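The annotation compositional bias 'Basic and acidic residues' is assigned in TrEMBL to 113-127. Under the heading domain 'Aromatic amino acid beta-eliminating lyase/threonine aldolase', TrEMBL lists 14-298. Residues or ranges marked as N6-(pyridoxal phosphate)lysine in TrEMBL: 213. Summarising the annotation, TrEMBL assigns region 'Disordered' to 113-133.
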Ligand SMILES: *Cc1c(COP(=O)(O)O)cnc(C)c1O
């Protein structure tokens, strides 16, 4: 393979996102065979089975399937917030920058981004306490929610360890705030830290998680919390148009996805290999903790174009180049990408 091959001759190596993963034959056959019912009128047995299993895995009283992680977060924020409430979230959080402002537009919340002063992806508990303020006169702004994210996507897929998670939840609760956890990639955090997902969702009032990323399901997320929370969340899901009928065919994919959480370790290993290789080539990359590699470059758009010319697809994230490793890119693809970059692109 020569450097001046045109992209059309090169096998595309797609590192844009772990959402690119496609359902394989096994997942499709389980979906096709799923037992179903009308999940709006009464219940769909496969959705119910998924919700029960997820509630168990996350150690919450109840869980609710949703079509997307964006809807899961919106449902949680809408349930926790009243119009005009301020909520706190680490700067760059998905709920702040990647959900089109729905936290404000639909959930009525006023966002207050917190600096990552405890390390990438997380504020210090004291910062949460200070930002929460306290009770004041009747004309004081109400701050009612802390929304965390684990792993933190924009910070490069960093996994927040259980002790730091617990300290943040305690600080928020002490200040009278509820806590939502955007755990779109809580599975990656769990695998990277070697702790059960429930440990990383301990104490929170709600947690969302995705199956449509590195786990390969085509559709599906979940939001979990108390029984009362999920009752409210179910009404909100219906209001948002997320009440599907024979959704069991989709939930079946999520059940298969749940069986594959351990396999995320392979994505993390591929990310480490890619980061090490890029560093050898003189790139400025941070050591990945999970499946995301962020590279600091002079000119992001120019680098994205140069990579594309080599048949390597990536996306920008916070002014850096983001490579996401997933089950549909192999170790050989990583080797091939490094070889193309080595021949065709200087750092
Ligand atoms: C992808 C993602 C979401 C939203 O999930 P969708 O299913 O794409 O709507 C939420 N939070 C984080 C951190 C994500 O990476």
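Backbone N, Cα and C define each Cβ position, glycine as well.
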Worksheet item: For the compositional bias 'Basic and acidic residues' (113-127), what does DSSP give as the number of helix, strand and coil residues?
Response: 3 helix, 4 strand, 8 coil
Item to complete: Would you identify the secondary structure of residue 213 (N6-(pyridoxal phosphate)lysine) according to DSSP, in three states?
Response: coil
Worksheet item: Quick one: mean pLDDT on the domain 'Aromatic amino acid beta-eliminating lyase/threonine aldolase' (14-298)?
Response: 97
Fill in: Cβ neighbours of the residue listed as 'N6-(pyridoxal phosphate)lysine' where a neighbour is any other Cβ within 10 Å
26
